[in-house]
Amino acid sequence: MKEVVIYTDGACSKNPGPGGWCAILIYKGIKKVLKGFEENTTNNRMELKAIIEGLKALKEPCKVTVYTDSAYIVNAINQNWIGKWQKNNWKTSEKEEVKNIDLWQELLEFLKVHNVKFEKVKGHSTDTLNNMCDEIARSMIKEMR
């Protein structure tokens with residue numbers, strides 16, 4: 001099984017507002033940059049979108065390590081919030097509807113195909129590739145305005 005690393009980030013100007021996302025895929029030292037923009041979105045949607053688009057770009061099942069600065073996503077996966085949400089018919093422990101259900105469901109489909117591990121990185125820190133993703137995601141907002 002091919003081993004791929006994906007660095008991701010999402011950004012939003014105002015929340016909600018225009019947003020950008022970036023995913024950097026690395027396989028055998030070769031980097032591929034994916035990026036996108038949405039007119040009216042949220043930061044969390046852009047974080048999810050970056051991961052989904054990164055996984056969507058893989059042409060066969062892979063062993064993937066996703067690096068993200070989103071505690072929201074890392075906790076939802078690694079602490080199995082997402083499993084609890086599904087059991088509770090996509091409701092939080094406070095009985096409120098989970099936000100971004102459409103994207104969580106899409107992500108779950110890719111998690112069935114790929115062996116994915118999520119790692120939290122500190123945002124706006126010394127992680128070069130996370131910082132690059134952040135810059136690209138923010139640049140998408142500026143370019144599209």
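Using the three backbone atoms N, Cα and C, a Cβ is placed for every residue, glycine included.
These come from Swiss-Prot:
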- Asp9, Asp134: Mg(2+) 2 binding site (BINDING)
- Asp9, Glu47, Asp69: Mg(2+) 1 binding site (BINDING)
- 1-142: domain 'RNase H type-1' (DOMAIN)
(message) Check the DSSP secondary structure of Glu47 (Mg(2+) 1 binding site), expressed as helix, strand or coil.
(response) helix
(message) Beyond the listed site residues Asp9, Glu47, Asp69, identify every same-chain residue whose Cβ lies within 8 Å of the center of their Cβ atoms for the Mg(2+) 1 site.
(response) Thr8, Gly10, Ala11, Met46, Ala50, Thr68, Ser70, Ile73, Gly123, Asn130, Cys133, Asp134, Ala137
(request) Mind giving me a neighbour count for Glu47 (Mg(2+) 1 binding site)? Other Cβ atoms within 10 Å of its Cβ, every protein chain shown. (result) 27
(message) For the domain 'RNase H type-1' (1-142), what's the mean pLDDT in this predicted model?
(response) 96
(message) Quick check on the domain 'RNase H type-1' (1-142): DSSP residue counts for helix, strand, coil, in that order please.
(response) 57 helix, 49 strand, 36 coil
